[in-house]
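Enquirer: Supplied in structure tokens, the structure appears directly below.
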Amino acid sequence: MINAGDMNGSGNLMDFLDEPFPDVGTYEDFHTIDWLREKSRDTDRHRKITSKSKESIWEFIKSLLDAWSGWVVMLLIGLLAGTLAGVIDLAVDWMTDLKEGVCLSAFWYSHEQCCWTSNETTFDDRDKCPQWQKWSELLVSQSEGASAYILNYFLYIMWALCFAFLAVSLVRVFAPYACGSGIPEIKTILSGFIIRGYLGKWTLLIKTVTLVLVVSSGLSLGKEGPLVHVACCCGNFFSSLFSKYSKNEGKRREVLSAAAAAGVSVAFGAPIGGVLFSLEEVSYYFPLKTLWRSFFAALVAAFTLRSINPFGNSRLVLFYVEYHTPWYMAELFPFILLGVFGGLWGTLFIRCNIAWCRRRKTTRLGKYPVLEVIVITAITAIIAYPNPYTRRSTSELISELFNDCGALESSQLCDYINDPNMTRPVDDIPDRPAGPGVYTAMWQLALALVFKIVITIFTFGMKIPSGLFIPSMAVGAMAGRMVGIGVEQLAYHHHDWIIFRNWCRPGADCVTPGLYAMVGAAACLGGVTRMTVSLVVIMFELTGGLEYIVPLMAAAVTSKWVADAFGKEGIYEAHIHLNGYPFLDVKDEFTHRTLATDVMRPRRGEAPLSVLTQDSMTVEDVETLIKETDYNGFPVVVSKDSERLIGFAQRRELILAIKNARQRQDGVVSNSIVYFTEEPPELPPNSPHPLKLRRILNLSPFTVTDHTPMETVVDIFRKLGLRQCLVTRSGRLLGIITKKDVLRHMAQMANQDPESIMFN
């Protein structure tokens, strides 16, 4: 039923590719690569290097350099990704604080750095120092009062609008591909699709600069998703320096998979989580060798970021926390409830965001991306400023929500009523009744939660770099902290209830609200992205506490179950389908009882299949066929009468071979016979010189019979990364099935619009 074999007649293909004319073996924009062909080419290249290495010492050294080039690329990716992440973190810290004030001693210092260097700061007022002045103090010499508040409010909005306008203008003018999170496109590229320029140098530069601007503007988005895109741009840049990767699209994708792991490693300070994220969420083809290299790239990236130390706390992320209280079995119930909330939030967000993005695509709204960004930024800044939990950067908010209330905390969330007779170690403060600050914080958090839920729906998908990890975690952390405080107060006031009696005695430190915030953050992120294993490992690496893995696992699994009950797609798969990218998801199941004959082209009533014959067409006939059709390749048959299949010829290689032959071979003219056989056909005397193209012919294309179940065909396309598959009966060609045909058929079977698959 299936005919595999060596894809390209190994020796002949390499002879042809060694000829010094450009672009053979490359692909056009918005086309899918042929994974088997790339694998075959790499095997041939490796065989050639191995045989040459025995000839001389120099060739042996070259073979060693070739073997080590993969590790060198990983080292370079890790170094650059870690450096860029550190620079972005430092710049975001400074520019976020710039909206509120400036450091007089050194304007490039953030608020925290400015007060570090001050000798006049007390512990109680550690955020206040004479070197740091708010804009109202600097401009009108007032720090309190209505006029100072209004001036600070106005300048906060102006800075936010300035940053957002600059970001959207840079993206629009210099690098349109720098917008969005980048993960849907990375997933599509790793599955074998070509999007030229998406991982280019301009995209890298503009995405890095604009990422700083948009995060500093206070919009409800994060830098974590776009950092994966930035790391993949680094991977693409370094792979282009080594011919082993630049000339083989399959090998290049192995590098990009490792680069994605490095991106998550620096985004969350989670090297192992980064490797698992690449494996679970973005990679299509992930051999064991790539796993090791991903681990190395993630390690180097994390080490580089740690050396830069952007947060000054010797940690890789702002919201690293350590808890000292164990969790109890009775707490699994609120943890699972947070998982349910995360699943419902994920479903709500995906449906609303996709509906809004579809509206943006199909209405006049999409024609005014700059205006949309300005309006959303203005609304965000106006509503965010009065509430201290939405005014600060989202990473700082998550950091405060995750924190355990120690004796030295000055946050409103830690405004508990203390027992004056308490003599306890600092890390083991018992549960206490909530003070007025906690109740105020609860109201502010509830308002912030509603605001974040609504504004994130409209923010994600605008024409600026926008990550979703941090806003999703913020939504979950706010909900989790409120639930945690509720459970804590319940346990304090009703410690004689049966559920609390066994583990929460009066004067004990029973409940950690920060842990609930962390579980809620994991649940909401899982609900939106449908990650499970990598999500739990990332959150575990953030906290450094092994004992909290079970609550995180319970919340992540519940969140996925609840969200999957409403729809199987995560946000990235939903955006892939919205944009019409040709992505065959390995997770999707095809259960319909259709056959290859139902999907193949040509259908009944359609024109017959365009084919080449083995020795009866002229150069002009082939050029006319290429000009009149836009197919990626043509089956080669013995003759149009017999239709016995011989092989398959790629369109691009036909064009290049004919062009090269006209330039180099004397006697090749328009009426020269093209032949794909070993021996030239018998021609009458005085005939023009024939053109042999057997070397570009794939002699063993994948074929299935017309009665092969589509379930098997879909599986073949997924697991082998095919571009097309020929349909035969007893060796006679009947039709062809392309990846696009498979995707259209799957959409049709799922009652979706088959024409939504836009690209070839």
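For all residues, glycine too, the Cβ spot is worked out from N, Cα and C.
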Enquirer: Of the ranges 227-243, 295-311, 550-566, which one does TrEMBL flag as transmembrane segment?
Expert: 227-243
Enquirer: Mind tallying the domain 'CBS' (697-755) by DSSP state, helix then strand then coil?
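Expert: Its residues divide into 24 helix, 19 strand, 16 coil.
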Enquirer: Can you count helix, strand and coil residues in the domain 'CBS' (600-664) using DSSP?
Expert: 24 helix, 17 strand, 24 coil
Enquirer: So what's near the transmembrane segment (468-487) in sequence-distant terms, Cβ-Cβ under 8 Å and 6+ beyond its ends?
Expert: 181, 220-225, 267-268, 331, 334, 337-338, 341-342, 345-346, 349, 389, 394-395, 397-398, 401-402, 413, 434, 438, 442, 445-446, 448-449, 452-453, 456, 459-460, 511-525, 527-529, 571
Enquirer: What stretch in 68-92, 368-385, 441-461 has the biggest tally of Cβ pairs under 8 Å against the transmembrane segment (255-279)?
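Expert: That would be 68-92.
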Enquirer: Between the transmembrane segment (153-175) and the stretches 227-243, 332-356, 368-385, work out which stretch tops the count of Cβ pairs under 8 Å.
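Expert: By Cβ pairs under 8 Å, 368-385 leads among 227-243, 332-356, 368-385.
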Enquirer: Short question: which residues 6 or more past the ends of the transmembrane segment (195-215) have a Cβ under 8 Å from it?
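Expert: Same-chain contacts beyond the flanks: 29-30, 84, 87-88, 91-92, 95-96, 163-164, 166-168, 170-171, 174-175, 177-178, 182, 185, 188-189, 221-223, 226-227, 229-230, 232-237, 256, 393, 464-466.
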Enquirer: Looking at the stretches 227-243, 332-356, 368-385, which one shares the most CB pairs under 8 Å with the transmembrane segment (68-92)?
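Expert: Most contacts with the transmembrane segment (68-92): 227-243.
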